[in-house]
Amino acid sequence: MEVLKRENPLIHMITNYVTVNDLAQVTINYGGLPLMATHHDELKVITKMANGLLVNIGTLEPYQMESSMISMKIAKEKGIPSVLDSVCVQVSKLRRDFAKKIILEGEPSLIKGNLAEIKTLIGETSNSIGIDSFEDSLSENTKNKIKEYAKERNLIVVVSGVVDFITNGEESASVKNGTYKMSKITGTGCMLGALLTLALSFYDHKDLRFKEVVKAVSTWGICGELAEERLREKEGLMTFKYNLLDELSIINDEIIKEREKVIYE
């Protein structure tokens, strides 16, 4: 049977107020339609309409937490792919408890985080206290625990870092695309969360979703590399940011195939 790729999927986002505009823009640039809704009566309709759901816990507030839980449960019930971006889950008990609750009751399709955030979710100790993780080394022991975690919960885990690691417990991949400058732009991790939600929503076939997720991670890194290459003398981080969004809007499969640095395990 021929597999058709969904065009312009609708993505429902419940996200933080720091990067909300950037998430909307990258969603459009990558071929999706963003819609932000948090009112309880409205989101019960919006989530059911959507092709994908993103919940980002960057700025937690009581009403938003309730909205996130309602939408996650709807997505679970309707079979809509969902992503939990576990921003700063290592920082407070509130975040840890909420993330664990939404994973248990909402059963997201994918969990994204940096190494410190993912280590916290799998029960390992992390020394990081902010959005940036300085724990760049992913040990084999931790990698195996992440694989077990993903397999037990039937989800994909994306660990962002110098080398990104993606696994569903059965398949795993490492992605070496990207540039250090991406870590200096507020929200590049959140923007990746939007791309991952789109990646899941492009296909209804679960078998295709893992490779599409890996492609999204690699694509984002390649856009960073291209954005850096475009910089001229005396152009700094803000020019880099706009170059990054620019590259996402014009990148194509030929460029991705030429530049991707992906190792499947």
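Just so it is clear, glycine is given a Cβ too, placed from its N, Cα and C backbone atoms.
Annotation for Gly187 (substrate binding site): same-chain Cβ neighbours under 8 Å, separated by at least 6 residues, are Val18, Thr19, Asp22, Leu23. For Met36, Gly187, the entry in Swiss-Prot reads substrate binding site.
The DSSP secondary structure for Lys112 (ATP binding site) is strand. Annotation comment: Swiss-Prot describes Lys112, Ser160 as ATP binding site.
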Cβ-based isolation winner (fewest other Cβ atoms within 10 Å) among the binding-site residues Met36, Lys112, Ser160: Met36
Between Ser160 (ATP binding site) and Met36 (substrate binding site), the C-alpha gap once rounded to whole angstrom: 24
